[in-house]
Amino acid sequence: MASTLSLQLRGFRAKLLRRYEHRPFVWCLSGLYGCQWRRSQRNNAEPGDCCCNKLEGASFALLTAAFCLTLVFLYFWVQAKNDYNDFDWFNFGSLGFWFPWSVVLLLVAAGFFTYVTVLTLLAVCLLSEGQKLYLHWSHKIGILVSLMFSIAATAVLSDLWSEEWTTLLLSFQISAPFLHVGGVLLMTSLAWPVALHFFRVNSRVKRGLILGVYLTVLSALYLVPLGLYSPCIKEEGTLGPAPALIGHRGAPMLAPENTLMSFEKAVEAGSDGLETDVTISFDGVPFLMHDRTLRRTTNIHEVFPNQTNTPAAMFTWSELESLNAGSWFFSHNPFGTASSLGAEDRRRAGNQSVCSLQAFLQLAAQTNKVVIFDLYRPPMGHPYQDSWINRTLEVVQSTIRSSQVLWLPSDLRYLVQELDPELQQTSGSRLPLEELQSQNIVKLNLHYSSMSAQLISEYAAANITTNLYVISQPWLYSLAWCAGVHSVASNSPQLLGTMSSPLFLMSPADYKLMWILTDLLSLLLIFVIFFFHRWRERGLAFSSGNKIPLDNSTYSKFKAEMSDIWSVTSANSQHEKTANLATVTEH
């Protein structure tokens, strides 16, 4: 029984020591990575050799850099999805024509990242099989193109749209715990090829370089949670109510923005308030329009082809009423949602006209919704250039209860308070608390990049609530929810209104436990992998007819033993031949 168990253990040990050559697998990897499709071609790393020569080492370093940069840019652009609409309309204003550049950029970034990731996986698999790396020249060009694209796109967006880096930093407050786990798992899986080549390389310098780089990255990942802050890591029972939803220009994913249909859709989606932009027509009628001109959201190029760049405020109300403010929604499809509309909604959306402030306020009064709007001063030469505030107040006071209006314009604020003290004074700037209180400010309307749980709490203690704009992605809404934001202006109230809890919410104790367990399990697996490779490489003699020793001392000892055995065998054989010859002679 004991001898059988001993034989089984020896057989198991022999299997572990044997280096298996997965020739079809290696052939496929080499073909895809280096275009080496000859089955008979072998590219094994010799004992004591590095995984590649200097040129291929530089190519692998470039591949690693391309993987990191394309990953960073893709993550950056995915998180910027909340502002794709602004990006596309910015390009529309600069180029003069509409095109979904944001989606194209996303697809290109995803394509480059996929390409580089596949090459990286092929390289790691080849290293895990003990193969030398050889990257085909076409792949080297592809890596350079991917690298240059990532660098150029990042530089251009940083110059033109630098505030999006704030969005990236905010995203870490939601995604960092998951990125930490994913990064640790990735580095743990890389322990196999790293340990294999660490114990096969004879040079101490190369060994130190391999282990140093690996342990540096691993240690940084292990310690990342020490610098992590997230308002969604909080004690149970401390989460406040979900922020109220204010339809930004209505529900622009379901109907053309700033049209009566868009606001009706926002009300149907359960919005608590409505947000818009107000301009004064040449004959004194306040109407809804965000842009300075009518070029983007009307068919002015058909009705008034010679006035496409004329300020919207320089048209009379009758001229504005003659324009179609809905057909552009289907030709441009700004959010990619136009095709989801039913036949009746498509008909209604295509026939929308420019909406007056009075019609907008009547809808809000009937549905008991709060309203907030930007008010644009007419240009020079306009009849109401100096009385635009009074004209707007006249419409407000005659249509809706003033307490439903969050008054945002900062011009002549003290005069407005005297004329209508019931208006809820709202500031679009993060001013000192004393100044806000002196102006009777009851609400702040800030860009979401200003999100800070501490500041929101300080303002709330002074009875000043906070509204953030424009938040349309669930992760940003979750962050605002955890930070204690009171309301958000959103392009997607129909989506955010269905959320019953933040996407990420965890107690500090649970998060600490997840962090520590992840790091400890990773450390244990890495130790086992390194120990296994050390044990196997030291005991490995032959595998498929090839000598694969770990180092010169082990190999020399094995070679000496084999030489002694061969000498003894040769002597015995010669002795037997002499004895046989003597026997024949005697006969």
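Using the three backbone atoms N, Cα and C, a Cβ is placed for every residue, glycine included.
Whatever TrEMBL says is automated annotation, not expert-curated.
Look at TrEMBL and you will find 60-78, 98-127, 139-158, 178-199, 211-229, 513-532 tagged as transmembrane segment. Residues or ranges marked as domain 'GP-PDE' by TrEMBL: 243-500.
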Of 98-127, 211-229, 513-532, whichever stretch has the most CB pairs under 8 A to the transmembrane segment (178-199): 513-532
Contact yes or no, the transmembrane segment (139-158) and the transmembrane segment (211-229), 3+ Cβ pairs under 8 Å, gap 6+: no
Within-chain partners of the transmembrane segment (98-127) [C-beta distance under 8 Å, separation at least 6 from its ends]: 25-26, 29-30, 32-33, 51, 60, 63-64, 66-67, 70-71, 73-74, 77-78, 81, 84-85, 87-88, 91-92, 133, 135, 139, 142-143, 145-146, 149-150, 153, 190, 193, 196-197, 331-333, 336
Confidence summary for the domain 'GP-PDE' (243-500), mean pLDDT rounded: 95
